[in-house]
C-alpha cells in the first residue's frame, strides 16, 4: 500500500544560509545508514518504503519524525479512495486533517475534510468522528503535482546531522557515562572517533571486546566509526613511581590528554570529549577537572557535566549501551587508583611531579609512535 516514507527535519530549517549544507549532510547520512539517497521535495525528504528503512531511520540524527505515505493524483475520488485504505477496520474513531498547499485545487482544506470524512463514514458505518483524540488521524497534503496521505507518524531523534558540526576525539571507557556522552555529541552534529587507553595484561580481551561492542552500538547512529586502542601499560607502571601517590590519577589523566591532543591534531580533529560529570568521583571535582584539562590546548567537550546519574542511566538504556556497560571488566583508571586520591589538586604540584618523572614525555611519544591500534567498526 505505501510507496514512500516521508521524512521531516526540524532544526535544519532554522539555519538560514547554511540550510542547504545541513540538508545535504542529512541526505548523505540517510544514505550511509539506509543505503539509499532520499529525494528532497517540499521541505521534506522521501525514501522508498520498506520495513527495514522504517527501522533504520530511528538512528538518523536531524530527523524529527517520519511517516509511511500513499501518493495519488490531485483528484477528490483518488484522494478519498486512498484515505479509506488508511483506516483500520478496528478503528473506532477517526479525523481528517487536510492541508491544501496547491491553491489551484478546487476544494478548500475544510471542504476536503468534510467530503473525505463523509465518504469514510459511509464506507465504515460503525466508525465515529473524534477531532480531539482520534484512533486514526488521516493527514492529507495536496501539493502542486500530487497528493500524499499518511496516518502513522514515528518520532525520531531530532538534533543535527552527524558531521555538520565537525568532529571530536572521544576518550572512551567501558562505563555507563562515556557511551552516553558520545551519543549526545552525535546528536549535536559531531562525528565521533574513539580513543581508549588499555593496559594489558591487566585489561584483557574481555575489556577490549566490551569497548568494541559499545562502539558498534554507537556506530548505528553515525555509520562507520574509528576506534583507537592505546597501550598505556609502560606509562601506567612508570607513573606509579611518583613521589606523591595521591596525584597518581591526576597525572595519568593529564598524560591521557597530552597524548589525545597530539593524536587528534594528527587526524585534523580539533576537539576532545569525554563522559566526565562534575563531582562524581575524585578526578571530577572542579579542581581536578581544571588541573587535568590544562594538559591540553584543545577544546574539551563534556556533555554530561551537569547530568544526574539517573538521567545518564535512562539514556544508556534507551540507546542499548547500559547492559554492555555494566558487564564486569577491568578499566585502566580503576587498576591505577590510589587508596586516597587527591580531590583538590594543585596545578603547580602536578607540574612538579611531572618534572620528577623525567622519562614521561619520551614514553608518551613512544606510545604515539608505536602503541596505538586502529579498528574500523560499523
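Cβ atoms here come from the backbone N, Cα and C positions, even for glycine.
With 171, 172, 196, 197, 253, 284 listed by Swiss-Prot as binding ATP, the candidate from 159, 209, 275 annotated for that site turns out to be 275. Taking the binding-site residues 171, 172 in turn and counting surrounding C-beta atoms within 10 angstroms, the largest count is reached at 172.
For the domain 'THUMP' (51-153), the model's average pLDDT works out to 96. Secondary structure of the domain 'THUMP' (51-153), assigned with DSSP and counted as helix (H, G, I), strand (E, B) and coil, comes to 35 helix, 29 strand, 39 coil.
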